[in-house]
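To keep things clear, I will list the structure first and then write my remarks on it.
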Amino acid sequence: MTPDIIRDSTVGQLINRFTHGRVLPYAEQRPDYVLPARYRVALDGSAIKNSASTAAASVTTSRTATAASSLKEGAEGDKISASDNAPAARTFLDLEKSDLHHESAPHEPTMALKDLEKADLHHEATPHDSEPVAKDPFLVEFEENDPDRPLNWSRRKRIFVATLISYLTFSIYIGSAIYTPSIPGLMQSFGVSQVVATLGLSLFVLAYGIGPMILAPLQEMPRQGRTPVYIIGLFLFFIFQFPIVFAPNVATILVFRFFSGFVGSPALATGGASMIDIFEPRHAPIAIAVWSIGAVSGPVLGPVIGSFAAQANGWQWPNWELLWISGFAFLVLSLFLPETFEPTVLIRRAERIRRLTGDNRFRTQAEIDAVEGESFLELLWTNFKRAFQLAAEPAVLFANSYIALLYACFYLWFEAFPILYVETYHFSLGISGLPYLAFIVSGLTTFSFYILYLLYHLNPRMAKPDFQPEARLELGLVAGLFIPVSLLIFGWSGQNQTHWIVPTIGAGLYLPGIFLIFQCILMYISSSYPPALAASILAGNDLFRSSFASVFPLFGTRFFKVLGLGGGSSLLAGVNLLMVPLLFLLMKFGPRLRARSKWIQ
């Protein structure tokens with residue numbers, strides 16, 4: 001597995017290209033490589049056809065020239081009568097007729113060509129037949145059980161790649177919450193208000209919502225693929241941490257926080273698509289759940305990691321940690337993350353076959369379709385427009401609104417943690433990050449339950465022909481109750497006379513609710529519409545929830561200080577509780593809404 005992993009990585013691709021396949025070669029670049037039989041037949045058939053066509057043209061030219069010469073001589077003879085010219089004229093016409101008959105008659109080609117055409121084009125139909133036309137013999141596609149196809153990789157390799165993509169997501173997503181312990185230091189160092197300092201968090205969240213609308217279409221272009229976009233984005237993310245660490249003013253920090261979120265956004269938006277590339281549909285929910293661990297762990301561990309660093313060495317050190325995490329991720333993924341997008345894998349194979357044979361007719365279906373396909377700007381506009389059109393669909397509109405609300409409450413609620421643990425329980429800045437570990441405990445428990453739920457409850461139901469996508473929402477009805485319960489326990493138990501473990505346990509109950517609802521709703525909207533629309537739906541969802549949630553941290557501290565922890569948490573709990581019946585209505589009327597959708601029809 002290791003040589004293939006390195007060969008298919010970004011570094012391996014560069015080494016292979018610069019050494020012309022001598023180092024880390026593919027099968028097509030090895031001296032003992034033999035073209036598949038169907039490609040050899042296509043090449044041989046093309047050579048025979050060209051030879052036969054050349055020979056026929058030569059014979060025709062020779063006979064025509066001879067007949068024309070004879071006719072000319074007869075016309076110039078002063079003793080030849082008009083009646084004597086007739087046989088010559090007939091001879092010339094007969095020769096032309098004979099040549100045309102020779103070129104078009106089915107029995108004229110050689111037996112080798114005839115047999116080859118039978119073997120190569122046995123699917124071609126006669127005019128009165130209705131069978132489909134034969135497949136292009138020069139079409140490059142995966143062979144049966146092809147080891148280069150991502151879906152055919154070994155289980156160990158697929159799990160390894162899934163782990164890498166999850167770590168990629170973690171290394172980007174941690175950038176949002178790891179910044180929060182720096183806010184007090186930024187306020188002191190640059191003399192700015194808390195709202196201005198918090199803009200670094202809000203702009204980061206906003207940027208990774210906007211980014212997928214522009215960068216995600218790049219990953220759908222077969223010549224680019226997913227991995228180059230990931231690696232280049234991760235490299236820029238790493239580079240952009242240096243101006244933040246050495247920033248002379250707060251404006252520099254805010255600008256590069258926005259750019260960091262923008263270039264890192266593909267990992268957050270299309271990491272799930274990479275999971276679908278390498279796992280079969282029945283395993284996709286489990287794979288996406290595994291990938292979500294990286295997405296959840298980032299915001300949870302960010303304050304834990306950043307708090308002690310900020311306390312010990314100042315506001316720059318959480319950003320140094322982010323630089324180290326992303327730099328290590330860049331090195332590891334550059335060496336080991338292969339391409340998972342099938343059209344891109346095939347295009348690279350077609351390029352190698354073209355170099356080997358010198359025949360440019362070897363192409364993939366993606367290349368054939370791209371001859372008159374969309375440009376990048378057209379693809380970008382289509383993706384952007386489609387995301388907003390789909391957002392107007394009732395089911396998608398509700399899903400976007402619900403998840404945006406959950407996301408906003410989550411980031412707003414995080415602003416209550418310093419108030420409770422620093423001001424009420426007098427924790428130090430470093431210790432105040434430890435209560436976030438409650439999410440790790442509840443998250444692992446929730447993940448284990450969700451996997452069992454998929455394996456033993458939902459997947460068997462999905463195998464039945466009458467399965468409806470709305471069945472995915474059933475778990476969300478129960479999960480939706482965890483959030484208001486969590487908020488009420490956290491808000492009203494956060495008192496001096498109550499031990500800190502009580503609100504911490506209450507806080508831990510929030511994660512099962514938000515994790516399970518995210519999984520249910522995202523899988524519902526992506527499976528309710530044609531697969532070609534899934535990317536636009538998820539990109540629109542990302543834009544919707546991130547744009548909405550990015551504003552809430554700006555007034556979070558003021559919100560809880562005016563209403564109090566109990567009052568503020570109760571308001572959020574009430575809003576979340578009101579959303580649960582709406583989820584039930586979507587589950588009940590979802591089939592009717594989908595039936596009337598123009599996108600599904």
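Using N, Cα and C of the backbone, Cβ positions are placed for all residues, glycine too.
Here TrEMBL flags 159-179, 191-215, 227-247, 253-276, 288-310, 322-347, 395-414, 434-455, 475-494, 500-525, 532-556, 562-586 as transmembrane segment. Taken from TrEMBL, the feature domain 'Major facilitator superfamily (MFS) profile' covers 159-601.
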The transmembrane segment (434-455) touching the transmembrane segment (532-556) per 3+ Cβ pairs under 8 Å rule
no
Should the transmembrane segment (227-247) and the transmembrane segment (475-494) be scored as in contact, given a threshold of at least 3 Cβ pairs under 8 Å and pairs 6 or more apart?
no
Model confidence over the domain 'Major facilitator superfamily (MFS) profile' (159-601), as mean pLDDT, sits at 91
